[in-house]
């Protein structure tokens, strides 16, 4: 089941476009509180937009995005990101991106590509879709609810929250979408369409069934004719039976002769069996001798070698581990050398770049020197290489020209200063005396008043600041300045500017390329007719090639055609028609040869039937003897051993006996070792062989138990009992070996007889099968010829025709291409308008990506600039605070000084007034004369100084640039070249060390491989010891068999066999004569059989599977008839099911509405409310419903729309949405209530809160139940007792920039 758990908002409505706000949704309750206009509803709008892709009501024209007029930006990017769990438990993230561009007079709203990402259990992410339309369809599917439920129920907008009481047409539209009525209507329409199409198919099937019935009747007539011919063949069979009775008498005599053959055959059979056994063992001896290294050792010596082999393997393993440790240390050293090499390569690159800058600076110095010389002629003829001398002379020239300016200014300054001093003294004297005269009269009373005020202020003054607070603020100011300096040293903004400039350059290059493609498209359009013609020809060529490919695929892939006319993948098209003509001629020739062979084989077949019966009698007697021996063996063999398994069981028993004996010997050999290992394990808790401590107690206890078992005395007794049991069982098997040999001898005779019988049968069968094969071949050849005529020849002719047309089209394409190449100068060759536009479209996509990157970089730069500004402003605020504190501290001292000074000044004023009045008149006359002289001197000074200052500024600017570059050149000459050479040498030394280390590593690796090979050879050596033991045993068995063969009397048995063969030949000659007479009769039967075969062949070809086809078509007809009937039944059942589904859902909805209304509504005027669904009509397309919300007052039903208050509307709408959510939201238990208390009085608010509390309480254990409540009323949270379900709520507020922010708040901070 699905659930949502995190939402991120950026640039939506009042949410800042530069910062991202995030909210996490809990279970079972998420609370969002905030004042009106803070941005609470925006959260619901973002949830709805993320899940459905629908914008909120009345938000066209980009008003859903943060207003660019507020930020002063032209491009606003907004993003909504929702993290949720899908209905199948998969973690997913959906991202929606939108953009608002501000132009001069209008704004442009764009929906950008989004993203739907799935996250698996290991954290790997996979993008499922990026297109907005696909997201609109896929997100509701992953949430497990239809889009209508998300839009009208789960994330219903506040403006649309009263939709259950909207006008009837709007209400019907929304309920039809919620019930998905159109989906079921389309299903019914599809069923009706299928039924209509099937009616047409039924008519055609009826015609086909009638035609097949006629062919079925003809087939029955032919079968009757075949039956009559078979009757004649049966008459001939009776005559053949008399001849066969005589043949049976000969067969009985042959059987008696065969019985006399048994005695000598037993001896020969036993000899033969011994020879076969000898041959088998000899093969094993030879195989082992060739596959192993034979050791010239006795069997005991080999067994001792095998027992001591494990210690050698252990030593080799220890040696191999030491080598691998050496390799590991060499690899670590190689890694450190590689790291050093990388750092040296990086430093070398930096120094080489510095060297390149050094060369450029030297050239720049030469250019600056020439420019200076050309402009000021202040240098001597110095070579460009002596830049130190150039720098020295420039410095001297700079000092000279600066001194000249200084001298001029000083000269005028002295003269002007003298005159100004005189004038200033006069003016100052006049001003001072006048002001003193005027102010001193006023200041006396003012000073007295100020003194009094300062005295009062000093009394009431409070120390607002101390020296400690001043020191604290100074420390903060120093910290912030250091942070600013650190931030500026990182050069973040210049780096971002550089990236933006690089991307802008790329964008300019791409725009130029797009313009070039646009020019090519325009030029291409000028030859539109030729390009159009070329496009049609290319299309025709592709069509012809497709047809040729289809013909080629049919010729190569059709199994029937491939058998007749095989083609390779690399066949020559030009030779195809000739190859077919050769094939057709060969077919005609093969048919003629096949007919000739059929006549010859028909004659041979009649002579091959008489050899079968004699051999069959011999088999019967041998079978009886075999049964007696089998009965004897069955009575004496053990229950777990059958006759067929005797040799395998005997071999397995010998092997088991040998294994048991070896186990006993091995136990006796290793008993002392196991006792020592047990002692060490119990005492030291370590392995006796490798001395390693045990990993844990469980491993130790397991090993101790195993060692105790092997050292137990009962264990040896068990091994001895096993050896004795195996030995007795092996002896009982060997006692029956002679009967097995007898049985094998009888089986061999039966096999020989069966071979003779099979040979005779094979002769007859071969003749018959060859004749049948030739008949089949004849039919096959005729079918192949017919296939070649009817199917292959038309394909070959069409292929040849298409090849010719394709060649003509290619010539036309080449001609037009050559004509177009005159106008086309592109390196890419001739391209059509569509091809050019496709490339231009790809470039436009790249351009959009570049612009997006530039926009992102610009946004990052702006953020960094704002961060810098905030830091600077903070420093200024701290400086102001420090200044204010310092001013406050000094203020008290200043007041004391001021009071004292003012009192002294009051005494001096009275004496100065009289002196000032007389002196002012004399000073005014002297001032007028001095002012006239001073004005003339200043005009002359300004002209000369302005000209010289301009010259000095130009010289200083050029010389400063020269000296800066010169200092960089000198620094690199002093340090850069030496460091570059040192780095190169160190890099070469490092490479040599790495090469030497690699050689050592290769040498060690070869040693490891050699040791591993030796270890593998050791395993082979162990295997070789075991196989040498096996070879000694086989040779012993071979000697025993040879002695047994030499003991038997073979010569007498062979003489008896010769007599038997002579008598058998006489009987066989007589048998063959009778068989020849019998063959004549069989020949006549063959002719009749040929007629039957001809008729049968006609049945197989012309009327092949006629009854099956008739039955198939008849069944198809009946099936389709039944299907149409089933479709009618299914349509009615579906319609009925839809009605039932609709009725049940409406019952559930109304039941929940009734319960919630009665628990919530506190008024007495409305008893309850319901949703009425009235059936409109039963049209061709199905039933339709109208919906309305009704209320009950004293059992009277009334339409609620237009008859209820605003508060009742809100409450009814919330209850209906809750009911719909519980009914249709099984897979997605989320529902959001935006301002549910709107228009509700206090009592109904409290009732609604309690109802929500009960709903949460009932569904809190449902894993995916999530109730989201948005409200400005914190009392509502108290009525809900929200603290019982969550420990926090989210507060939405505006910051000082009026941007919306989401804040996590403890639920206990709510004041009810």
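Start at 1 and count along the chain as shown; that gives each residue its number.
Backbone N, Cα and C define each Cβ position, glycine as well.
As the structure is a computational prediction, the values presented were derived from the model and not from experiment.
Of the candidate ranges 133-171, 562-600, 601-639, 640-678, Swiss-Prot annotates residues 640-678 with the feature coiled coil. Among 13, 20, 77, only 13 appears in Swiss-Prot as part of the ATP site alongside 36, 37, 39, 40, 41, 42, 65, 67, 158. Swiss-Prot lists coiled coil at one of the ranges 712-741, 742-771, 1132-1161, 1162-1191, namely 712-741. Candidates 280, 463, 469, 1300 were compared with Swiss-Prot; the annotation phosphoserine appears at 469. With respect to residue 41 (Mg(2+) binding site), the closest of these recorded positions in Cα terms is 13, chosen from 13, 67, 469. The binding-site residues examined here are 13, 40; by Cβ neighbour count within 10 Å, the least packed of them is 13. A separation of roughly 41 Å, to the nearest angstrom, links the Cα atoms of residue 469 (phosphoserine) and residue 37 (ATP binding site).
Across the residues the record lists as binding ATP (13, 36, 37, 39, 40, 41, 42, 65, 67, 158), the two Cα atoms farthest apart are 21 Å from each other. On the backbone, the CA of residue 37 (ATP binding site) and the CA of residue 158 (Mg(2+) binding site) stand 13 Å apart. Listed binding-site residues: 41, 158; maximum Cβ neighbour count within 10 Å falls on 41. Cα to Cα, residue 67 (ATP binding site) and residue 158 (Mg(2+) binding site) are separated by 21 Å. It is 469, among the recorded positions 42, 469, whose Cβ has the fewest other Cβ atoms within 10 Å in the structure shown. Annotation note: residue 42 (ATP binding site) sits in a helical segment as assigned by DSSP.
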